[in-house]
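Peer 1: Here it is, the structure in full.
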Amino acid sequence: MTYARIQGVGSYIPQQILSNADLEKMVNTTDEWIMQRVGVRERHVIANSPDNTTTMAVDAAKRAIEMAEIDPAVIDMIIVGTATAEYYFPSTACLVQKHLNLREDIPAFDINAACAGFVYALSIADQYIRNEGAKHILVIGVDSLTKVVDWKDRSTCILFGDGAGAVILQAHKEPGILNTILHANGDYSDLITAKSGVWERESVPHLHMYGKEVFKLAVTKLGEIVDEIIEKSGLKQSDIDWLIPHQANLRIIEATAKRLGLPRERVILTIEQHGNTSAASIPLALDAAVRAGKIKRGDTLLLEAFGAGLAWGAALLKL
């Protein structure tokens, strides 16, 4: 049996840091309130730097390729999860292909599942390795949400940061990704929006979110999907070594960990330093944990994410 196994991880965050103290000067908020309600102390932001969605994706990809110790020429697919591409077209994946000088006989495409984008991309890549003969797939989660937040809206501008994370998935005989599950419900599509497209435009595109409703749904749906994927995989909660959640809100993360019976020390948390980096948050957290020596080869990881759409998903894997 062929598995998709993570061979390398990488990430990138902009240099500029926006702290809660900085936000206190911009909107009516406090460090104490943000920490209690969300769990974010600072976030990295593109601001006026030369960084953008593509450059961050490229830098994260380079680091994943370096860790995987592969020749970039062997990469046979690129999948990018993002909701904040530079352009309507070409895709971010094709721009990454260009900057990495990868060969032309490979598919490269973006998928948009907002904050769940990396889990969606990982699931697609897993199927291509299991069923279509792909050997090395570059999967990236990247977003620049600070470019679409309303900096006068204290309920949303405190949440988000920018960044990118990447993994190299490699075909392997040893267990890697065990299962993935993806769900969506468009009936909730108005709960998180950034309405600037071909048919509907805002003069300045801003992210809008009904926070209380999203919080309740996230706790419920993520709780259900982690139970579902553990059962589908024939495992027990006690088999999970690490939870790597989407870093959206510390209280949502704690609710999921409690449902799994996992102590805080077995949950990878970067929300305090990064904020919500959307599709980048899970691979960013994974990269940080691997490079810190927390997560090791053979550990069982549970990934879960929830975002606009509404779309949510989970992945269970052996590193």
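Note: Cβ is positioned from N, Cα and C throughout, glycine not excepted.
Okay, these came from Swiss-Prot:
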ACT_SITE  CYS115  active site
ACT_SITE  HIS246  active site
REGION    247-251  region 'ACP-binding'
ACT_SITE  ASN276  active site
Peer 1: DSSP secondary structure for ASN276 (active site), reduced to helix/strand/coil, please.
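Peer 2: Looking at the DSSP assignment, ASN276 (active site) belongs to a strand.
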Peer 1: Between HIS246 (active site) and CYS115 (active site), what is the CA-CA distance rounded to a whole number of Å?
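Peer 2: A Cα-Cα distance of 7 Å.
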Peer 1: Could you give the number of helix, strand and coil residues in the region 'ACP-binding' (247-251) as assigned by DSSP?
Peer 2: 2 helix, 0 strand, 3 coil
Peer 1: List the same-chain residues at least 6 positions away in sequence whose Cβ sits under 8 Å from the Cβ of ASN276 (active site), in sequence order, or say none.
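Peer 2: Long-range Cβ contacts: VAL40, CYS115, LEU145, LEU159, PHE160, GLY161, HIS246, GLN247, ALA248, ASN249.
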Peer 1: Can you tell me how many other Cβ atoms are located within 10 Å of the Cβ belonging to CYS115 (active site)?
Peer 2: 31
